[in-house]
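Chemist: I grabbed these lines from Swiss-Prot:
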DOMAIN    109-322  domain 'Adrift-type SAM-dependent 2'-O-MTase'
ACT_SITE  Lys117  active site
BINDING   Gly148, Trp167, Asp235  S-adenosyl-L-methionine binding site
ACT_SITE  Asp235  active site
ACT_SITE  Lys275  active site, proton acceptor
Amino acid sequence: MSKCRKTPVQQLASPASFSPDILADIFELFAKNFSYGKPLNNEWQLPDPSEIFTCDHTELNAFLDLKNSLNEVKNLLSDKKLDEWHEHTAFTNKAGKIISHVRKSVNAELCTQAWCKFHEILCSFPLIPQEAFQNGKLNSLHLCEAPGAFIASLNHYLKSHRFPCHWSWVANTLNPYHEANDDLMMIMDDRLIANTLHWWYFGPDNTGDIMTLKFLTGLQNFISSMATVHLVTADGSFDCQGNPGEQEALVSSLHYCEVVTALTTLGNGGSFVLKMFTMFEHCSINLMYLLNCCFDQVHVFKPATSKAGNSEVYVVCLHYKGREAIHPLLSKMTLNFGTEMKRKALFPHHVIPDSFLKRHEECCVFFHKYQLETISENIRLFECMGKAEQEKLNNLRDCAIQYFMQKFQLKHLSRNNWLVKKSSIGCSTNTKWFGQRNKYFKTYNERKMLEALSWKDKVAKGYFNSWAEEHGVYHPGQSSILEGTASNLECHLWHILEGKKLPKVKCSPFCNGEILKTLNEAIEKSLGGAFNLDSKFRPKQQYSCSCHVFSEELIFSELCSLTECLQDEQVVVPSNQIKCLLVGFSTLRNIKMHIPLEVRLLESAELTTFSCSLLHDGDPTYQRLFLDCLLHSLRELHTGDVMILPVLSCFTRFMAGLIFVLHSCFRFITFVCPTSSDPLRTCAVLLCVGYQDLPNPVFRYLQSVNELLSTLLNSDSPQQVLQFVPMEVLLKGALLDFLWDLNAAIAKRHLHFIIQREREEIINSLQLQN
């Protein structure tokens, strides 16, 4: 059978072939829509700007009763194992088979639940203004968009229906590559982002956080080439599993900033789609009133492909009245932009008409009823599900697929019409990030108990044993070798990216997120976040990591072995003796073994004495020192030479960029870890074999980076250099794999030491008590 032959899509029965009760359930599933409708007396009007942000929030009993009754039912889920509950609700989800069917049958790009949800919205409401079709140009802005499924869905809709307009888009999300961003706040999937980076705006600080006024100003400049924005979407949220009952309040500031951004950027007559959750709180009531006053039509819609048991809804706003109509109010709203806006209510309670509150309550009751019924039914079926119920669910799921395809008339789209026709990146971080959040496999109650434990209790109970004890010796030359060939580095296309100084390194595209998170917790809880090794650790010499340390002899032996391998594959043997440049390792210079290398030392005592902290290799002082040593080293090297270079870690884009440069000018790079028994100091070295020369333009570019680093440090600037090699380059497969291996070895070695130290202190403490 030919590998190119496509798997046939399963032919499904038409909806008419299902029983009336199945059809009735599916009709209801696709009919969760509430339209506000405005009173004829036109009493829904915005208040005078002088009245906004003057009063405290006033919660209303009718809405609080709805919130409390919903949370009572949600609390019944607290003792359920999340993996078991998710597996159960995946089966009871009537729309659960739609996504995979759509992906196969119409060749949908980035076909996720969000893709299908947005397609339902596109096909249910006239989101795209007629003006866009008349002028032949559509501009859209997508806020909090990761991973990009709304964009992919819109592309499919436009291309498959052959709408006569040229489409331009700009997107924003929390930058998955920014080291100070918390992965709990992000969707760690960069399949689309990595291949379309030029269309993503991460703001002046490069974080992607929309909740700052500087971001809003920068975004307006970024989209200034668009004559008008016809459509804005905002799909923002973050992980609320630590406090699911307060999801609405936790995301209220984000919703406010999304709304203000949309009202500031959207053109007259445009459309806005906003993801919200429950709308019981006063802050949500205010936002809904604002939107009803700013748009001709407001609908609240729950797509069939949105899981029926959650609170998610989409507010669909049509025919924007324009910035001019609300200019005085909008100007004042931007002054309260940010995370602290919820301290005062947007509107005083008395300015919101009773007719709006009544209509809004009807909306909340409408969706509250459906959610309550779904959760209660899922609990009942979780405890006992018979064969008849399983068969009915299977029929419902099959009927939902057919109804979806028939109702929305989805069409096949060839890959030539995708946003990313062929990925230019061999391996984005997406494949590595999936499946790493093992906290999902605990019940809510278990997670809360774990959060309540002190750091020492967690160590004593062995919660981190797997990270510490799986840390074995990394043998260089066996698996982690980065092979390079002389290549033309297009550094004229690169640019230096500055941003706000990193307070700490919370995430990295070059490391397993769980390992980094655990290491940071260990440093923060055990060592106070940052420390001085001279004062804190030298008096406690009994604390040393028990794992094997590579001796100087083994390091040189490995280096010689790699050098010989390289010489064996070379046609022309270098006429001069190969030089080995040691950076910062004065002890290696006096090694008593015969090696066929001319050993030279580039002294840099500071480079090896940097210690592990919450900043890791994000410290600008360390980065400047490392780059300075690298530039001095490159001046000393000739073709075929080798180098031993100590490295603290490579979590940041800056350090990954330097490893990429090394990768391009050496035939082989591998690493050795650990090389030191000193606690939490630099414990890894790079073995760089077969120097191939660095082009002068690249060397000069690195010099300019170094000069900027020095300028920023000497002026005590709040900025630092975040990146100087494009992410598209850093995400290439071989380099990414190497960095993951290197960082895992370093992080686990530090974890091993910290946890071993804590265990010894716990044991000593218990012995003293006895």
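Note that Cβ sites are derived from N, Cα and C of the backbone, with glycine treated the same way.
I would like each feature placed in context: is it buried or exposed, what are its neighbours, and how far apart are things?
Modeler: Counting every protein chain shown, the number of other Cβ atoms lying within 10 Å of the Cβ of Lys117 (active site) is 25.
Within 10 Å of the C-beta atom of Trp167 (S-adenosyl-L-methionine binding site) sit 18 other C-beta atoms, taking all shown protein chains into account.
Of all Cβ atoms in the shown protein chains, 22 besides its own fall within 10 Å of the Cβ of Asp235 (S-adenosyl-L-methionine binding site).
The secondary structure of Lys275 (active site, proton acceptor), as reduced to three states from DSSP, is extended strand. Lys275 (active site, proton acceptor) has a Cβ environment of 23 other Cβ atoms inside 10 Å.
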Chemist: Where does Lys117 (active site) sit in the DSSP three-state scheme?
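Modeler: Note: Lys117 (active site) is helical by DSSP.
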Chemist: State the three-class DSSP label for Asp235 (S-adenosyl-L-methionine binding site), counting H, G and I as helix, E and B as strand, and everything else as coil.
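Modeler: Looking at the DSSP assignment, Asp235 (S-adenosyl-L-methionine binding site) belongs to neither helix nor strand, so coil.
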Chemist: Could you give the Cα-Cα distance between Asp235 (S-adenosyl-L-methionine binding site) and Lys117 (active site), in whole Å?
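Modeler: Computed Cα spacing between Asp235 (S-adenosyl-L-methionine binding site) and Lys117 (active site) is 11 Å.
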Chemist: Among all protein chains shown, how many Cβ atoms are found within 10 Å of the Cβ of Gly148 (S-adenosyl-L-methionine binding site), not counting that one?
Modeler: 30
Chemist: Tell me, by DSSP, whether Gly148 (S-adenosyl-L-methionine binding site) is helix, strand or coil?
Modeler: coil
Chemist: Given the recorded positions Lys117, Gly148, Trp167, which one's Cα is the least distant from that of Lys275 (active site, proton acceptor)?
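Modeler: Going through Lys117, Gly148, Trp167 one by one, the Cα closest to that of Lys275 (active site, proton acceptor) is Lys117.
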Chemist: Roughly how many angstrom lie between the C-alpha atoms of Gly148 (S-adenosyl-L-methionine binding site) and Lys117 (active site)?
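Modeler: Each residue's Cα considered, Gly148 (S-adenosyl-L-methionine binding site) and Lys117 (active site) end up 13 Å apart.
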